[in-house]
Amino acid sequence: MSKNIVVLPGDHVGTEITNEAIKVLNAISEARPSIKFNFEHHLIGGAAIDATGVPLPDEASKKADAVLLGAVGGPKWGTGSVRPEQGLLKIRKELGLYANLRPCNFASDSLLDLSPLKPEYAKGTDFVVVRELVGGIYFGERKEDEGDGVAWDSEKYSVPEVQRITRMAAFLALQHNPPLPIWSLDKANVLASSRLWRKTVEETIKNEFPQLTVQHQLIDSAAMILVKSPTKLNGIVITNNMFGDIISDEASVIPGSLGLLPSASLASLPDTNKAFGLYEPCHGSAPDLPANKVNPIATILSAAMMLKLSLDLVEEGRAVEEAVRKVLDSGIRTGDLGGSNSTTEVGDAVAKAVKEILA
């Protein structure tokens, strides 16, 4: 069994964290020789701008089973007309990666004390933010300030776009027994696009998934619930592109470090565990961080999501998650988690644990 993975390290810590994820994937191959991973590296972000003048060269492969991304951006490239982040927007749009999945939970309960929330409020937090990724205000019509002191952006959604992301949320909810509740976040009291969103989500669940429940929350009240009692949102949280961008970042601090949280961006339902997807940590490129200090766990867990959702290697993906728990519980941690271990030491420990679990 051979799997083709495009690796886009990106900028700054991107190379370090993708190297550790590759190390863990290679450990799977060592434990299970029938599983082979072929890695093809390409540039993205600032590294691509420096080398080619554009943030995502056209030769980046679209024929892989999945894409593993490190991180893009940094102060060197600023906010000019050519920016590293444009590479991310381009690859999402070109590859049709319409659904961004960001789990919010604790990789280990031993990390509860690191949360900014009191342990009694944070314990048990377990939800997935499902963010619509290729529509809305980030891709709408806009006007820059051309000297007249006026600029604007437009938010546009269609019924098919909202139906598609709703079906993704419903699919994920139905993977559990009993099915998970769905929370839909919008601003329907103000925005026309949110009123269409709410109506379409409601009708899609009612007509296609009557066994599921959906509750609607205004995005501002959901933001308050998230810091006051995050377990109330346990289940599947579905929202549009901009709201999802913001609320998932808010959620990411609950487990105590951005270095822990993975993400997946999918082009189709993972109903056969073979959806094409791009996998990346939730954190940025950390340009100020010294070498070998970044936490690789988020990228390693992103690789675990890739194994389960795109590569049809569910058992191996769960083994990676279990290995991460064991390593964290053993006290092997980077500085962001109060430890003193290096990036490579954490990666080595997870790779070793994976081989032991799969032996």
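A Cβ is built for glycine as well, from the same backbone N, Cα and C atoms used for every other residue.
Given the structure is predicted, the values throughout are model-derived calculations rather than measurements.
Counting every protein chain shown, the Cβ of PRO287 (NAD(+) binding site) has 14 other Cβ atoms within 10 Å. Positions annotated as NAD(+) binding site by Swiss-Prot: 74-85, 284-295.
Annotation comment: Swiss-Prot describes ARG92, ARG102, ARG131, ASP220 as substrate binding site. Secondary structure from DSSP puts ARG131 (substrate binding site) in a beta strand. Less than 8 angstroms from the CB of ARG131 (substrate binding site) sit ALA99, ASN100, LEU101, ARG102, THR239, ASN240, ASN241, PHE243, GLY244, ASP245, SER248, each of them six or more residues away in the same chain.
Residues annotated as Mg(2+) binding site in Swiss-Prot, with similarity to another entry given as evidence: ASP220, ASP245, ASP249. Mapped onto three states, the DSSP output places ASP249 (Mg(2+) binding site) in helix.
Feature annotation from Swiss-Prot assigns site 'Important for catalysis' to TYR138 (among others); the stated evidence is similarity to another entry. The Cβ of TYR138 (site 'Important for catalysis') has 18 other Cβ atoms within 10 Å, all protein chains considered.
Annotation note: LYS187 (site 'Important for catalysis') sits in a coil segment as assigned by DSSP. Residues annotated as site 'Important for catalysis' in Swiss-Prot, with similarity to another entry given as evidence: LYS187 (among others).
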Near-site residues: Mg(2+), ref ASP220, ASP245, ASP249, CB cutoff 8 A to centroid: ILE219, ALA223, MET242, PHE243, GLY244, ILE246, ILE247, SER248, GLU250
Alpha-carbon distance [TYR138 (site 'Important for catalysis'); TRP77 (NAD(+) binding site)] in Å: 20
Local backbone state of ARG83 (NAD(+) binding site), from DSSP in three classes: coil
Candidates ARG83, ARG92, ARG102, LYS187, LYS293: member of the recorded positions with the richest Cβ shell (10 Å): ARG102
Site with most surrounding Cβ atoms, counting all protein chains shown within 10 Å, from the binding-site residues GLY74, GLY284, PRO290: GLY74
Spatial neighbours of ASP220 (substrate binding site), counting only the recorded positions ARG83, TYR138, ASP249, GLY284, PRO287, LYS293 and Cα distances within 10 Å: none
